[in-house]
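Shown below is the structure under consideration.
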Amino acid sequence: MKFIIKLFPEITIKSQSVRLRFIKILTGNIRNVLKHYDETLAVVRHWDNIEVRAKDENQRLAIRDALTRIPGIHHILEVEDVPFTDMHDIFEKALAQYREQLEGKTFCVRVKRRGKHEFSSIEVERYVGGGLNQHIESARVKLTNPDVTVHLEVEDDRLLLIKGRYEGIGGFPIGTQEDVLSLISGGFDSGVSSYMLMRRGCRVHYCFFNLGGAAHEIGVRQVAHYLWNRFGSSHRVRFVAINFEPVVGEILEKVDDGQMGVVLKRMMVRAASKVAERYGVQALVTGEALGQVSSQTLTNLRLIDNVSDTLILRPLISYDKGHIINLARQIGTEDFARTMPEYCGVISKSPTVKAIKAKIEAEEENFDFSILDKVVEEANNVDIREIAQQTQQEVVEVETVSGFGPNDVILDIRSVDEQDDKPLKVEGVDVVSLPFYKLSTKFGDLDQSKTWLLWCERGVMSRLQALYLREQGFANVKVYRP
C-alpha cells in the first residue's frame, strides 16, 4: 500500500531552507509514529510531498488513521501506483478502479501531471472522462459539484490511482517550534489549548496542580496521555504533577477571601515558571479565555502575568465556551472534561474581578513561600510514556487476567466510536459496553454479584479506571489482557 502525504500550505510558502527543515522534521515524526504499526515501513520525502509505503495490509486502516492526526499534514492520498503505456491504458485502469463508485453518480475527472508526455493534463481528463461516460451508462459528467471526483496523478511512466483522500489536522510539524509547558487541569479549556500548541509545532509538556487527591490526578493523566498518544506521540514529553493542597491550605488560612482566586493563579504561575526554567522550556500555556471567570479579566490576567518573566500563551483568549467545547468534541477530550472534577472554583466565595496590585502583594506578604518551594521541589516528574507502566504498578492489587471464569463479564470501556468501528466479540463470555467516561456514574448500576473484567485496546485506560474503581470501593474489578 502507498500513501502520498500533502504538506500544510503554510509550509510550502517558507524559504527553501526552512521548508526543507520542516519536511525533514515531518518525515521523522511520521516514522516515529508509524514504526509501531510496521517496522518495514518506508517513508520517503520529496520537495512537495512525502511517500509512505507499507507491506502489512492488515495495518492499512491504522496507518491511515494515524497519519490524519500528525501535525503538519494537510491531507493524505491513498493511492495505487501502477505503470501505464498511453492515454487509453490510463482510461482502462481508471475504469477498473472507479466503475462501481460511479454507477448512478455524477462525476468529473481531475488530473495532475509531472514529467514529459505527449499529452496534457486536460487531454487526459477529457479522454478518461469521455471513456468513463460511454462505458458506465448510469453515470454522467458534471464538472461543478459532482458526486464523485476521479483524481489521477501521472508522474513519468507511473499512474497514481487515488483510492481515497483523507484530511489531516494541518499545522506545523511538532519540533519545528520550541517547547512549551501546558498548565493542564483536565477540563475543556486546557485540553484544547494544549492541542492547539501541538498543532502549531510545539512539543507540549504537561504541568498539573493537584487540588483534589489521587482520583483527580488519575483523570488528568488520562487526558494528558490521550492528547500525547493521539496527536504528539512522535516526541517524548514530561508530565509534572505538583501537590498543591498545602499551597491552597496556606491561601485559605492567610489570604483575604476576595483575593484568593488571583493569588492562587499567581502561585501556579510561579511554580510552573520554576518547572519551565528547570527543563529549559520557553513558555507556559493556559486555557484562559477573556472574561470567562473572575480571574480572567484583563486586570487580573495582567497581575497574574506580572509574577514571572516566563512568556504565557493563551490560545483561547478570544474564544467563547461553546466554541471551546466544540473543539474539545472534535479532538476527543469532551467526555474526559465532562466528568472531571473542578476544584479551583470552590476556593473563593466572592472573588474580585479587578484586583489591586498593592492589595494582592500585601496579602502575599502573609504567605509562607517555603511551602511553594517545597511542593515544586517534591513535584513528581515522569516521561508520559511511563504513565501506563506506573499505572500498572499502582494497580498491583488489581489482578490482570488473560482468561475468564463462569461469573466473569468483560466490560468494554472504549469510546462509543471505537466500539462501533471494531466491536469486541469473545467466545464463551458476555461482553458489556460502558464507555470509560460513564464508569464513575454508571458502574454502580451494574450487577455487583459479577466480576467485571475491564478491557481497552492498549490496556492503559483499563488500568487507570481499575485503580479509580478500587478507590471508590469496588472490589469486583480486574484488568483483562488476553
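Glycine is treated like the rest: Cβ placed from N, Cα and C.
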Out of K163, K254, K265, which is the one Swiss-Prot records at the ATP site of L183, I184, G287, Q296?
K265
Measuring CA to CA, name the entry from the binding-site residues L183, I184, G287, Q296 that ends up nearest C456 (disulfide bond).
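That would be I184, nearest by Cα distance.
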For Q296 (ATP binding site), which residues of its chain lie six or more apart in sequence with Cβ-Cβ distance below 8 Å?
E288, A289, L290
Check each residue in the chain of L183 (ATP binding site) that is at least six apart in sequence and keep those whose C-beta is under 8 Å from its C-beta; list them in sequence order.
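Listed in sequence order, they are S190, C207, F208, F209, M268, A272, L284, V285, T286, G287.
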Rounded to whole angstrom, what's the largest C-alpha distance between any two of L183, I184, K265, G287, Q296, listed as binding ATP?
16
Among I184, C456, the recorded positions in question, whose Cβ has the most other Cβ atoms within 10 Å in this structure?
I184
In sequence order, what residues of the same chain, 6+ apart, have a Cβ less than 8 Å from the Cβ of K265 (ATP binding site)?
S295, N300, I304
